[in-house]
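*Asks:* Grabbed the feature section from Swiss-Prot, which reads as follows:
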- Asn48: N-linked glycosylation site (CARBOHYD)
- Asn79: N-linked glycosylation site (CARBOHYD)
- 1-16: signal peptide (SIGNAL)
- 17-183: topological domain 'Lumenal' (TOPO_DOM)
- 201-231: topological domain 'Cytoplasmic' (TOPO_DOM)
- 184-200: transmembrane segment (TRANSMEM)
Amino acid sequence: MRALLLAFQLLSVVAALTTVNCRLDLSPRQISRKDLLRTHLRLYQVGNFSGQPYSAKATLRDPEGRFRFEDLPVSHDENSTVYFQLVASSQDYNLKPNRVLIEVQGRGEGKEPTVRAFQNVFGREHFPSPEILYPEQLVELEAEPELVISYVHAAPMRNYIVSRRSGILDSGPLAGIFRSKYKMAAVVTIIALLLFPMLVEKFDPATVEAIKEQRLSQTREKYAAVGESNS
């Protein structure tokens with residue numbers, strides 16, 4: 001008798017399991033082996049539940065990008081609803097949607113549960129119902145025959161190694177001068193004015209002597225004029 005009861009309970013548990021089929025669409029690109037390794041997919045149970053919550057990870061099964069989450073613990077009782085959160089991420093692409101609320105609703109014994117999907121938003125991962133309107137209503141997605149996840153664009157390059165000490169040309173006053181074309185022009189002008197007399201003296205000493213003589217004569221004339229006015 002106990003064996004029959006145990007077998008009946010086991011069949012009830014098996015009957016209360018379902019599968020969610022999904023697909024990653026990177027068209028027009030083909031999914032490569034690198035995409036298989038650098039794409040992460042996770043599904044976990046949210047909302048009211050008893051016992052251990054469901055949590056599973058999936059990998060891409062084929063070059064078409066198909067993946068699935070199997071043995072989801074759901075109830076076949078009519079009007080019973082179980083919620084799961086699907087999180088998709090990639091090291092190379094920004095995926096859309098990257099958060100999906102999965103709703104599995106029982107339809108009674110002998111009938112497959114109804115699977116619905118809603119595009120979730122950041123900060124609402126643990127809200128167990130799409131009917132919560134704050135801050136916005138969730139957009140329903142096509143879940144049959146499979147939920148499709150695509151990509152927006154390539155993700156920005158990530159700096160896995162960041163130098164703690166940057167050089168003087170990367171930060172500080174000198175970096176500010178090199179980044180601004182106006183400051184750079186002012187510095188070049190000042191340096192040119194400082195170097196001009198030395199360059200002229202080196203390449204044209206006769207002109208330099210003439211300039212010095214002219215300055216000396218102007219100084220003598222100035223002092224001579226001052227002496228005559230005092231006398």
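For all residues, glycine too, the Cβ spot is worked out from N, Cα and C.
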*Asks:* Inside 10 Å of the Cβ of Asn48 (N-linked glycosylation site), count up the other Cβ atoms and send me the figure.
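*Replies:* Step by step: centre on the Cβ of Asn48 (N-linked glycosylation site), count other Cβ atoms within 10 Å, giving 9.
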*Asks:* Taking 10 A as the limit, how many CB atoms besides its own sit near the CB of Asn79 (N-linked glycosylation site)?
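*Replies:* Step by step: centre on the Cβ of Asn79 (N-linked glycosylation site), count other Cβ atoms within 10 Å, giving 9.
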*Asks:* For the C-alpha pair, I'd like the distance in angstrom between Asn48 (N-linked glycosylation site) and Asn79 (N-linked glycosylation site), rounded off.
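*Replies:* Distance between the two Cα atoms comes out at 15 Å.
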